[in-house]
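Feature list (source: TrEMBL):
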{"type": "TRANSMEM", "residues": "12-32", "note": "transmembrane segment"}
{"type": "DOMAIN", "residues": "18-499", "note": "domain 'Major facilitator superfamily (MFS) profile'"}
{"type": "TRANSMEM", "residues": "125-144", "note": "transmembrane segment"}
{"type": "TRANSMEM", "residues": "180-200", "note": "transmembrane segment"}
{"type": "TRANSMEM", "residues": "207-226", "note": "transmembrane segment"}
{"type": "TRANSMEM", "residues": "238-257", "note": "transmembrane segment"}
{"type": "TRANSMEM", "residues": "328-346", "note": "transmembrane segment"}
{"type": "TRANSMEM", "residues": "358-377", "note": "transmembrane segment"}
{"type": "TRANSMEM", "residues": "389-405", "note": "transmembrane segment"}
{"type": "REGION", "residues": "505-544", "note": "region 'Disordered'"}
{"type": "COMPBIAS", "residues": "508-530", "note": "compositional bias 'Basic and acidic residues'"}
Amino acid sequence: MTFSKLVDSVNSTGPFQFLLVVLLGLPILGMANHNLLQIFTAATPAHHCRPPPNASAGPWLLPVGPGGKPEPCLRFVSPPNASLPNDTRGATEPCLDGWAYNSSTGDSIVTEWDLVCDSNKLKEMAQSVFMAGTLVGGIVLGGLSDRFGRKPILSGSYLLLAASGSGAAFSPSFAVYMVLRFLCGFSMAGVTLSTVILNVEWMSTQLRAVMTVGIGYFYTAGQFILPGLAYAIPQWRWLQLTVSVPFFAFFLLSWWVPESIRWMVLSGKCPKALRILQWVAAFNGRKEAGEKLSLEELKLDLQKEISLAKAHHYSVADLFRTPVLRRVTFCLSLAWFSTGFAYYSLAMGVEDFGVNLYLLQVIFGGVDIPAKFITILSMSYLGRHTTEVIALLLAGASILALIFVPSDLQALRTVLAVFGKGCLSSSFSCLFLYTSELYPTVIRQTGMGVSNMLTRVGSMTAPLVRITGELHPFVPNLIFGATALLGGGASLFLPETLHQALPETIEDVEKRSPLAKEPKPEPEAEKDSQRIPLQPCGPNLGPS
C-alpha cells in the first residue's frame, strides 16, 4: 500500500475534512481584507491647495487645470484679479501650506500624511513595501516550514499579522506605517503557504480540488466584507485595526489544526503521526481502520522516503536538481509571475474605471463566485493543466482587448476588466493546487515559497508598469496582456496531475514524466543487497 492510500484509508471524506477547511478558511476572510486594504485606506479624495495664512478674507481663486477642474497642486502667489482670464491672473506656486481635502468619504493615509502631488508616488511605495514583505516571507518561511513543520509557521504567522496589523493602526509616521505593513506582508506569506500545504496534504485525492477551491471561496467572501467595512468605518486607523484584531483569535484557533502527517513521518515523528491518524479515523467514524495501523506499517510504506529525508537536507537548489523539476519550476515560475502581475494591475486599479469604488469592489469580488465554481468543474474533469492554460490565455486576451476600447466606453471596459480578473482568480485557484501536486513532499513548501515569491515580484512590478501609461495609454495593458499570454504558453509544458497521488520524493516526480526511461529489471539478489533497511522512526530522525 502506498502512503497516499494508507492515509486515505482512514482520512477519506468525513467531518474532519470540513472542520479543517473551516479552521483554515476563516483566516482567509481576513487575508482579502489585508491584501486589498489600501484600495480604501489609501484612497485619494478631491483636494486643492490651502491659501496662504495671510490671505485676505473671501474666496481664494485657484488655477484651473485640464478639463476645467481646479488645479490640485498649484495656487496663485498673490490674490488674483478675478476679472482677468485664468491664464493671466498671476504667477503660481506649489502648495506651500498643505492641502484641503474633501472629507465626505472619510480619511486615509493620503490625507494623514499628504501623499499627493510630488509625494503621490509614496502611496504606491507603501503597497510595494507590503508586497515586498510577502516576497521575503515566501522565501524565508517556505524553507522554515519544510524544516520545522507547517503548523508552527502557520500559528506564528497569525500572531505576527495580528500584532503588526494592529500596530499599523497606531503608526505615528509614514515610515513606521511602511515597516509594519512590510511585516504584515511577511506574515501573510506564511499563512498562505501553510494553509495551502496543510489543506492539500490532509485531503484525499478525490477531495483536493473541491476543498482547495472551497478555501478560495473564503477569500471571495472577504472581498465582499471589505467594501462593507470600509463604508461603515471611514476612518483608516479604525479600519486597519478592525481587520487585524481577529487574527489574535485565529492564532488561538490554530492550535486545533493538526500538523501534516507526511511532514511528521518524513521528520521521524512516526509515533505522533500514528496517534493523529488514529484520532482522525475515530473522528471520521473509521475507528477500526485507525486501530489497524501500526508503526511498522508506516515505516514500511515510507522507508525509502525516511532514509532520503535523513540523508539529504533539501533547499531551493533542489528545485533545479533534475531535468523534470527544472522544467516544472521554470514553467510554474512564469505562470505564477504572470498571474500576480496581471491580477494586481486590475485589482489595485479600480479607481481608473470611473465607477463607484465600493460598488466596483463588490463586483470584482462577485466575479470570483462563478469563476471558482467553473474552476472546480474544470480541474475535476478537464484537469489542472487545461484549466491553467485556458485561464491565463483568456485573461491575457481580455486585457489586450482593453487597448481597443475607447476610454469613454467605461461600461465595456469594466466588463472586460471584471472578466479578466475572474480568469486570473481562476488561475490562482488552480495554481495553488497544481503546484502542491507537482512538487514532492520533501520540497513542497520550498516550491510553494518560491512560487509565492514570484507572484509577489509580479505584484510589486505592476505599479511600476502602470507608470508607462505616461508614454502612451495602451502600453501598460499591452505589457500586462502579453505577459499573461506568455504564462499561459509556459503552462502548456506542465504535466497533468489529475487523479494522481502526491509525489513524496524527487525520484517520484522523475518517474512520472513521460520522458522517464523504464528501469531495467534487476536480479533478486541485487535487489536484496540494495534494499534499504528499516530505520527506527522516532525523534532522533528529525527536528523535534
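Each residue, glycine too, has its Cβ placed from N, Cα and C.
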Local confidence of the prediction over the domain 'Major facilitator superfamily (MFS) profile' (18-499), expressed as mean pLDDT: 81
Any contact, the transmembrane segment (328-346) to the transmembrane segment (389-405), with at least 3 Cβ pairs under 8 A: yes
Leading stretch by Cβ pairs under 8 Å, where the reference is the transmembrane segment (358-377) and the options are 12-32, 125-144, 180-200, 207-226: 207-226
Intrachain residues whose Cβ lies under 8 Å of the transmembrane segment (125-144), provided they are six or more past its termini: 38, 42, 109, 153, 157, 174, 177-178, 181-190, 192-194, 315-316, 344, 348, 445-453, 456-457, 459-460, 463
